[in-house]
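What TrEMBL says about this one:
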type: TRANSMEM; residues: B:9-31; note: transmembrane segment
type: DOMAIN; residues: B:69-281; note: domain 'ABC transmembrane type-1'
type: TRANSMEM; residues: B:74-95; note: transmembrane segment
type: TRANSMEM; residues: B:107-127; note: transmembrane segment
type: TRANSMEM; residues: B:164-183; note: transmembrane segment
type: TRANSMEM; residues: B:204-225; note: transmembrane segment
type: TRANSMEM; residues: B:262-284; note: transmembrane segment
């Protein structure tokens, strides 16, 4: 009997421990629930003064989920750490816990799981489109509009569209980027060339580089987004910078002759052997290596790549030997032929639950104030090559930029009269999947024609447009 | 028997913890997946909309899904008809070596303890078009470089070879254990009767290890149906979706695009297909080879 009793008690203990372990911490969901009780569709950051009661100095912790992991993001991490120190100084009792996670893992797995469970970190790395809109629709994000108005920085950002849902702002871009050609100046000088000013001149240079036995354009298309940077810019040159935004509304079609002309030009360059052979098997990392090793003379990439050409980085040997230019105007192309592809799609978002805790809300305000200001934006530009997401006076920019390559990049930005975002923030996810994973690789592999590619994309586009949410 | 264990209450209580774990981590996820497969849940929303069989009809009507099913089929065929015979041959060879048997066992087992990411990088170098081992060897006999991972004709084969390399050693150790557990007298008796080494291997050893080969085939089929990591690491499903398998299709076309309802439908289909293939194998082949009497 005694033995049975012992066994029984042991089992009860084990079962209790198991069940206790399975129980969730309902604190977050409770606060979420309260947040929703307000009856509003979005959880707003109220401006109610938190000073009516004495401010508590009880220690409390908040988590920042960032993606500044790895050697090449150390400078950006240093900026974040400096901001964290300032905020901790501003808000009594606050300790920030920095949770670094690889960007794709955070975006596609961790944050989504936390959002579904209702327990995201208070501050997290967030993608603007489509992620922030999906989370905002489900009341998972803090409405930042009142905070930005209070801090007086609502109009200081160059573009908040990717983070805006139903007129409210749910996230802030940490920086921006523009896409264009990096070129090997040393090689260009040896040939007596300059950055091309016409499309014909660019094509002639590509042909001459090829004839010289060099690879004209670096290429690594294992991931579809890499070749699509250039393809996107080409179809926007031929069909106009606004064309991509019109696919989702049905005002334009992927089969439009000018769009197809963009695909055809890309295919033409593939057929002429301007890209590194075997590109469908190469990773993005090899893209940079082809250029830094001198094998490829041109590299079409985002301005973030400029950070590689700094001391201690993989492109150190090319410091002072790299230039940057925009795709020259295409003869007969539609719309602004100086338009530059620019993106501000990555930044920070905040959990909706923050609105229910005045101290956390104060911390978020301080975080925004200390991170999104001229000083930090300039640090990002100078130290890390990330273009400012906020509007900064040209004179101030000129004073701070000492790097030749960055000066060229800024000059290219200033010379472009308009900009347009990359296709993946303008079309539905199904269309992005189709063009990134299938169509662009088929075009490169010679398994489709520009016309058939347009038809295949239009079919998916129409299904996506017709889909009822 | 222990007095306490004769008491049905105590007996039941012993079973309960395991039963709870089984329900929580196996039964519940399966039913939850089946439930969500009939919805258009986006993975975030608190509200879930019932959509009937639409996710399933979408999958069955999608050419890309069938390409991925076909590629899983290639995994199975390659495992059963190429990998398993190699496993048996290598096992028989290693079992008969007199010296350094431990070294051989360790060497063949090594790839199976390596991370798939590492193997992907390692084989990425071997398949590299300019400096890779394979193309260097081909160039010795005057064959032009082959773009192993970027040419649709070779990409799937390249993955299958890498996957086989990774797992062959693991199965060799299993088969080897079965060979070494065969009583030595059988082999000795056959040798006294004048059987050659080859005859002993094919007439004595091989029939006695058929049950373990059957298990190896079963495990290979199950492994082939859930293959994903090696594809992601080596080709990301490309070029142009030609190496997509069901699991990568699920990630790419459903999970990444906030279509968790559709993703769950694909997960259910993977489960169902695996179940059908393994049950068929069990019923048609494995049951006949279950027992061996010495």
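For all residues, glycine too, the Cβ spot is worked out from N, Cα and C.
Curation does not apply to TrEMBL; its annotations are automatic.
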Would the transmembrane segment (B:204-225) count as touching the transmembrane segment (B:74-95), if touching means at least three Cβ pairs under 8 Å and pairs must be 6 or more apart in sequence?
yes
Quick one: do the transmembrane segment (B:164-183) and the transmembrane segment (B:74-95) reach 3+ CB pairs under 8 Å, ignoring pairs fewer than 6 apart in sequence?
yes
Same-chain residues at least 6 beyond the ends of the transmembrane segment (B:9-31) whose Cβ lies under 8 Å from its Cβ atoms:
271
